[in-house]
Every structure is written in C-alpha cells, then in structure tokens.
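Here's the structure we're looking at; comments come further down.
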C-alpha cells in the first residue's frame with residue numbers, strides 16, 4: 001500500500017503537538033505530588049468530601065517542596081509568560097528561517113528543558129519559574145510554524161479534515177499528558193515522569209528530521225505525481241512564486257465588530273480552558289480526595305469528552321451547512337453560543353453538588369464537552385471574516401489567549417489562597433461560568449461569518465482561494481443577501 005508523503009507530514013505534525021502538550025500540562029498533575037500540602041492547608045483541616053475507600057485519599061504530605069498557593073501559581077503561569085512573549089516574534093521568525101526547523105527545534109528544546117525540571121525543583125521556586133518560562137519561549141513558535149508547513153503540504157480539497165486531525169494533537173496530548181503523568185508518578189515517581197516524557201520528544205525529533213521536509217520539491221522520496229499535485233494545487237510551492245504582501249488595515253481591524261466578537265469568544269473560552277488544564281488536578285486531588293494515579297486519569301476525562309464533541313459538532317455543522325437551510329453567520333452563532341452557554345450553566349450547577357463526587361465529575365466532563373462545540377466555530381470563524389489576513393489576526397488573538405493562560409491561575413489562586421476547599425472552589429466555578437456566559441453574549445451580538453469589506457481591500461480572488469477555497473467562498477454565497485457590498489467587491 002502506497003503511503004503519501006503529505007500524510008506522513010500530517011502524522012508527524014500530529015505527534016509533535018501531542019508531545020508539546022504533554023510537556024505543557026504534565027506539571028499540573030506533578031505539582032500535586034511535588035508540593036507538601038501542610039504549607040497551604042489551614043490548621044485543623046479535614047477533608048470536606050471523605051472518600052469511601054481509605055486508600056483513595058491522597059497523601060500529599062509526602063511532597064518534598066514547601067510550595068504555598070502563591071508559589072504554585074507562579075510555577076503554573078510562568079510557562080504562559082514566555083509563550084505570550086514570543087507570539088508576535090514567531091511570525092517574524094518564519095520570514096527568515098524554514099518552518100521545518102522552527103517546529104522541530106521548538107519541540108526538541110522544550111523536551112531538553114523538561115529533563116532539567118527535577119534539578120530546577122531542587123534549586124527552588126524561582127529556578128522552576130525561570131525554567132518553565134524558557135519552556136514557554138521555546139514552545140511559542142510551534143503553532144505558527146506548523147501552520148506554515150500545512151500551507152505547503154495540505155491540499156485545499158483535503159484541508160478541512162487533514163488540518164482538523166493534525167490540530168486534535170493538542171487535545172490528545174492533554175489527555176495523555178494528564179493520564180500518563182498520574183500513572184508514572186504513582187509507580188516510578190514524579191522525576192521519572194518528566195524524564196520519560198522528555199525522551200518522547202527527543203525520539204520524535206529524530207523521526208521528524210528524517211521524514212519531514214519544508215516543501216515537496218525538497219523531499220527526496222516523494223513521487224513525481226504527488227509532488228506535481230502539491231505544486232499545482234498550492235501556488236506558493238512553485239519555484240518562482242513570490243507572495244503578494246498585503247498590509248494589514250489596522251484601523252479597520254480594531255473597529256471591526258465581528259473581529260471583536262471573535263476575539264472575546266476565544267479569550268473567554270481560553271480563560272476557562274487554562275483554569276481547568278492547570279488547576280483541575282488540584283481540585284480532584286485536594287477537594288475530591290483522589291490519589292495521584294486516579295487523579296491523572298480523572299483529569300483527562302473532560303478532554304476526552306471535548307475531543308468527541310468538537311469533532312462530532314464540526315461534522316454536524318458541515319452537514320447543516322451543506323443543506324443551506326440557514327445562513328453561515330446564524331449557524332456559527334448557534335453553535336458557539338449553545339456551547340458556551342451550556343458549559344456556563346453546567347459549570348454553575350457544580351457548586352450545588354456538595355460531596356456527590358460521581359455527579360461532580362460527570363458535570364465537569366459535560367461542561368468541558370460543551371466547550372468542544374464552541375471549538376468547531378473558533379477554528380474557522382477567523383477564516384470566514386478575513387481569510388487574507390488570517391495569519392496576523394490569529395497572532396493577535398493568540399496573544400490575548402495566551403494572556404489568559406497567565407491570568408487564570410492567579411484568579412484561581414486569589415480565591416483559594418486560604419485553602420483548597422469546596423467553598424473556595426465554588427467561587428472559581430462561578431467566575432469561569434460568568435466569563436463563558438459573557439463570551440457567548442458578546443459573540444451573539446457582534447459575531448459574524450460574512451467576509452468583511454476591509455478584508456478584501458487590495459486583494460484579489462486568487463489570494464482568497466489560497467487561504468480558504470471552501471470556507472470563505474461558501475460563507476459569502478450564503479450571506480450574500482446580508483452583505484451585498486462584499487459580494488460585489490469579490491465579483
């Protein structure tokens with residue numbers, strides 16, 4: 001059976017995202033075992049939700065490091081300081097270096113730095129903060145460089161399914177990172193968890209260097225048929241191709257209500273995402289009282305649900321879109337608002353569950369699953385409204401999304417500084433519920449999937465097709481009655 005080189009690239013890109021997310025999230029489980037709970041438990045503390053089996057209670061007193069709530073917050077958020085810092089420079093970096101090496105070396109250097117986490121932990125909190133900051137800097141260019149590689153290796157006709165499959169590596173990495181972390185820590189200790197996951201990245205890099213190339217014309221083993229297909233389908237793969245640089249209309253961008261709606265939707269989604277991805281293991285370990293191996297498995301359950309809901313809602317959304325029974329803008333708003341509002345309501349209900357642990361876990365999973373419905377909108381809406389400027393606009397949105405990764409642990413720490421109690425965590429859930437509801441309302445008022453007039457200034461049809469042959473044109477056709485001016489400009 002013939003294996004196409006473009007699918008080998010997709011597989012290696014998918015595995016790379018799995019690894020970088022494993023390296024990103026493993027600390028949220030490890031810190032439960034690393035920190036000594038006597039630092040942040042109030043005097044005479046007793047668990048609010050005692051579990052039925054005595055061996056289920058987590059023995060956090062065995063943690064080696066006297067890290068309080070503020071210390072843990074700094075460690076968890078420091079990665080996103082570095083990650084945020086390099087979002088804009090990452091795009092500039094791609095102008096001077098080939099994306100293959102940016103993506104590969106970003107993953108490799110993050111893996112190498114992971115080897116030094118045990119040493120940094122022994123050296124103190126600030127050493128951990130500095131190391132996690134450097135990991136964020138190294139991992140920052142992964143998405144921009146991976147998107148650049150996709151532009152050379154993914155056919156327009158296959159872009160929806162292939163790019164979606166590649167990007168699910170982040171969700172799968174979160175699932176594996178948290179579930180494997182708990183198991184490895186339980187049987188080998190937290191140090192070996194970092195060593196083993198770092199080795200995954202180093203082994204991946206060897207295979208990546210041998211199998212992935214910047215362009216089809218550079219690949220030594222690609223068939224002539226596949227190479228010509230990629231070159232003819234993607235004009236920027238042609239040897240003499242010179243991209244037409246279109247200046248970003250900053251004034252129109254920041255006055256654009258649809259862009260503002262998308263920006264707020266993404267930021268509010270990511271605020272809750274980063275709260276859960278960084279802090280949920282602490283809640284499961286301290287409030288619900290599960291041991292470290294169970295903690296890792298339970299922490300990964302919400303993201304398994306999110307994966308299936310995001311994929312299935314994307315397929316369902318495409319099905320409705322193909323029937324042309326509703327405009328694209330209304331379709332995007334229905335899915336985004338239903339997902340965020342549903343997640344908000346379910347998360348708010350968690351505070352009334354008391355010590356009903358099975359029902360609490362079920363509601364957490366269902367709330368995150370509802371967020372997955374929103375993912376089917378956030379992944380494509382920017383291409384709907386401004387395909388020619390999707391790259392720089394994505395960098396702006398990622399900057400704000402990454403800032404949420406910094407803020408979210410501090411907000412959680414503000415509420416739980418007196419202890420990881422059920423009442424304190426109720427405030428965390430209420431805050432995140434309110435944030436998601438706010439995002440849904442803003443997108444309902446300002447969101448759109450109509451191609452914006454400022455996004456087609458100085459831009460011809462060929463450029464629009466390069467960025468999104470199916471999504472942008474279909475959204476224009478469906479919404480032509482609501483935006484006739486945009487349609488005339490395209491023609």
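Cβ coordinates come from backbone N, Cα and C, glycine included.
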When you get a sec, could you say which of 192-213, 214-235, 236-257 is annotated transmembrane segment by TrEMBL?
192-213
Which one of these stretches, 49-68, 69-88, 389-408, shows up in TrEMBL as transmembrane segment?
389-408
From the ranges 259-283, 459-483, grab the one TrEMBL calls transmembrane segment.
259-283
